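What Swiss-Prot annotates here:
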type: BINDING; residues: His75, His174; note: heme b b562 binding site
type: BINDING; residues: His89, His188; note: heme b b566 binding site
type: BINDING; residues: His193; note: ubiquinone binding site
type: TRANSMEM; residues: 25-45; note: transmembrane segment
type: TRANSMEM; residues: 69-90; note: transmembrane segment
type: TRANSMEM; residues: 105-125; note: transmembrane segment
type: TRANSMEM; residues: 170-190; note: transmembrane segment
type: TRANSMEM; residues: 218-238; note: transmembrane segment
type: TRANSMEM; residues: 280-300; note: transmembrane segment
type: TRANSMEM; residues: 312-332; note: transmembrane segment
type: TRANSMEM; residues: 339-358; note: transmembrane segment
Amino acid sequence: MSNQHTLLTSNLLPVGSNISTWWNFGSMLLTCLMLQITTGFFLAIHYTANINLAFSSVIHITRDVPYGWIIQNTHAMGASMFFICIYMHIARGLYYGLYLNKMVWLSGVSLLITLMATAFFGYVLPWGQMSFWAATVITNLLTAIPYLGTVVTTWLWGGFSINDPTLTRFFALHFILPFIIISLSSIHIILLHNEGSNNPLGTNSDTDKIPFHPYHSYKDMLMTTILISILFYILSFTPNLFNDPENFTKANPMITPQHIKPEWYFLFAYGILRSIPNKLGGALALLLSIIILTSAPFTHTSHTRSMMFRPLAQILFWILATAFITITWTATKPVEPPFITISQWTSTLYFSFFMINPMLGLIENKITNTNTNT
């Protein structure tokens, strides 16, 4: 068994010797996924998908179920940690040009969309005030679809408004989608190991590869330990750090919150949606804010893969990162000046990255060729 283990780790999983800590987020995401599925299973045992009982069942879990408060808070906080890791993972991919491994990148974008759908359905389940109104606003965007919008929305709601059938549907979808995420994750990993992982330099690693275990597996274990430590530190001292105060009140369709917003990890897309004063345009912009990631492999023009050697592209990347954070911040604010203007400008900067980066690549190629010729 020992020889088989050595053969597997040495020959099937060789990795470039110079990959950095940024390459540890994949294993951290797998840890988050396992944690979410485990805690989610125990929550599903005690949860009741009924609009009159859902809120009470969540309170019952935290108060009466042994260690229920740990399970519930770990699941809620784990979702935030999951998205922190996945945004870091995507940022690493954009910075180091890992999107050129097209199939891995496209499967990753599919994973992101599935994960966001899963998190959205899960956010509605406690049937708190903000959960209810966020679900109402977001699902109502489907009515912007020409011809089919009203039919699709009515089918999703299970009626003419968000009610008991809607909650049942959302619970069923929230339960089944993680298994689709597992399948997509398996495809993502298989495709990655088919071509092999890249490195920070963006060069071919074939001449300098080392066994994944023990050299990189211990790095993964260290980062996973740090992740779990941070998770349980927040869980112990500030368990409601990312929770909305409105969600501690049971959903009331007769009272609208002053400011409706989804969870923080959707705020960048929600901010882009709000920056466009048109329902269909906003819905398309929201969808495009995620779908535009699929364009990265097809619009790469630079001869250099990694941004490590592209100073102009680095500036553009950090403008994107700043725009992302700023959109998230403005989406937490009321829809009034100056937040509307800031949101519109930062949304423009967000999309500009994917349009300017190809042109910047061509300019860099021109500069490089000129210097080489002289």
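Here the Cβ of each residue, glycine as well, is placed from N, Cα and C on the backbone.
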The rounded CA-CA distance in Å from His75 (heme b b562 binding site) to His193 (ubiquinone binding site) is 30
Counting other C-beta atoms within 10 angstroms, the emptiest spot among the binding-site residues His75, His89, His174, His188, His193 is His193
Q. Honestly, do the transmembrane segment (218-238) and the transmembrane segment (69-90) touch, with at least three Cβ pairs under 8 Å and pairs 6 or more apart in sequence?
A. yes
Q.
Contact between the transmembrane segment (69-90) and the transmembrane segment (170-190) is defined here as three or more C-beta pairs under 8 Å separated by at least 6 residues; is that satisfied?
A. no
Candidates His89, His188, His193 (binding-site residues); nearest Cα to His174 (heme b b562 binding site) turns out to be His188
Near the transmembrane segment (69-90) in space but 6 or more residues beyond its ends, with Cβ under 8 Å, are 22, 25-26, 28-29, 32-33, 35-36, 39-40, 42-43, 58, 61-63, 108, 112, 115, 119, 122, 227, 230-231, 234-235, 239, 241-243, 263-265, 293, 324
Per the Cβ under 8 Å criterion, with at least 6 residues separating them from its ends, the transmembrane segment (25-45) contacts 61, 71-72, 74-75, 78-79, 81-82, 85-86, 88-89, 92, 122, 175, 178, 181-182, 185, 189, 220, 223-224, 227-228
Same-chain residues at least 6 beyond the ends of the transmembrane segment (105-125) with a Cβ under 8 Å from one of its Cβ atoms are 40, 47, 49, 54, 58, 79, 82-83, 86, 89-90, 93, 98-99, 131-132, 134-135, 138, 166-167, 170-171, 173-174, 177-178, 180-181, 184-185, 187-188, 191, 262-263, 265-266, 290-291, 293-294, 296-297
